[in-house]
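Feature annotations, reproduced from TrEMBL:
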{"type": "BINDING", "residues": "S65, N117, E162, N169, Y193, Y245, V263", "note": "substrate binding site"}
Amino acid sequence: MPCQTSGELKLLVKEAKRYTKDGKVADYIPELGRANPDDLSIAIHYPDGRCISAGDIDKKITLQSISKVISLAFVLMDRGFSYVFERVGMEPTGDPFNSIAKLETMAPAKPLNPMINAGALVVTHMINGDSVEDRFHRLLGFIRELADDPAIGYCEKVARSEYETANLNRALCYFLKQHQIITEDVEELLDLYTKQCAIEMNCLDLGRIGMIFAMDGRDPLNGKQIMPEDVARICKTFMVTCGMYNASGEFAIKIGIPAKSGVSGGILGAVPGKFGIGIFGPALDEKGNSVAGIKLLELLSKNYKLSMF
Ligand code: DON
């Protein structure tokens, strides 16, 4: 079903767009620095297949940290809860997404949660398979199923650009390897992780994935339970407590929707039982979240009383 342009959403986008000037596109991954900071688009995907949108929703974005919540779901299904949570914790950090600080003060050096980079690297390490290629394609297959879009792939340029410059993530990996939290070759893990972060899709796909989380892991359009209800519940809980990093508390108070951001400017939202949201607005605030995307979600949440609290 094609996505309908919505007049109401258009007005909200227009209002939120005023805030794009307060942000900056991420450039620590050089290829992401090419994005247009003025962009802002949204798609809302309902469980009955309807979709409404505003902005240029055909533009493709790389998932970046949004992939962390999907890889977590995948690994929970692959390995089971106890295996996963023996290696990565459940607590928010209050630190920036790429911080190394807490790792050194924790014993064992287990990352506090799967949404910060240290935790996400451990999660990616846990993806089963015979090779990086095989593990990546297993994850990609899951993502294609969630979005119901077999054409989803990854952007090689963005993956390479991150791989060549990811020295902080390399440092995190070596630290984790020293403490036996990860055991594989660091370059292989970074190859897989940067490809995972470079998986690319449009807001529509993003909104559809949000809808699956919102509907407790079930695809209401074909009746398939893509992930167990408990896995969807755990992922949504992490979205609330850690999905926007050290802005998660304020986001929960002002917006109250389980959401996950990425430095590409994407936000995946899941309004429990109602619908999924995909947003793209590459101008970021100082915490690495889409500045106008958050404003847009705030307007949406207030206007339609979407807060779950
Ligand atoms: O590992 C990184 O730094 C990026 N691939 C992802 C970080 C990210 O998206 C943080 N989000 N707001």
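Quick reminder: no glycine exception, Cβ is built from N, Cα and C everywhere.
TrEMBL does not curate its annotations; it predicts them automatically.
Shown in sequence order, F97, N98, L168, N169, L172 are the residues of the chain, 6+ apart in sequence, with a C-beta less than 8 angstroms from the C-beta of N117 (substrate binding site). Of all Cβ atoms in the shown protein chains, 24 besides its own fall within 10 Å of the Cβ of V263 (substrate binding site).
The binding-site residues Y193, Y245 differ in how many other CB atoms lie within 10 Å of their CB, and the one with the most is Y193.
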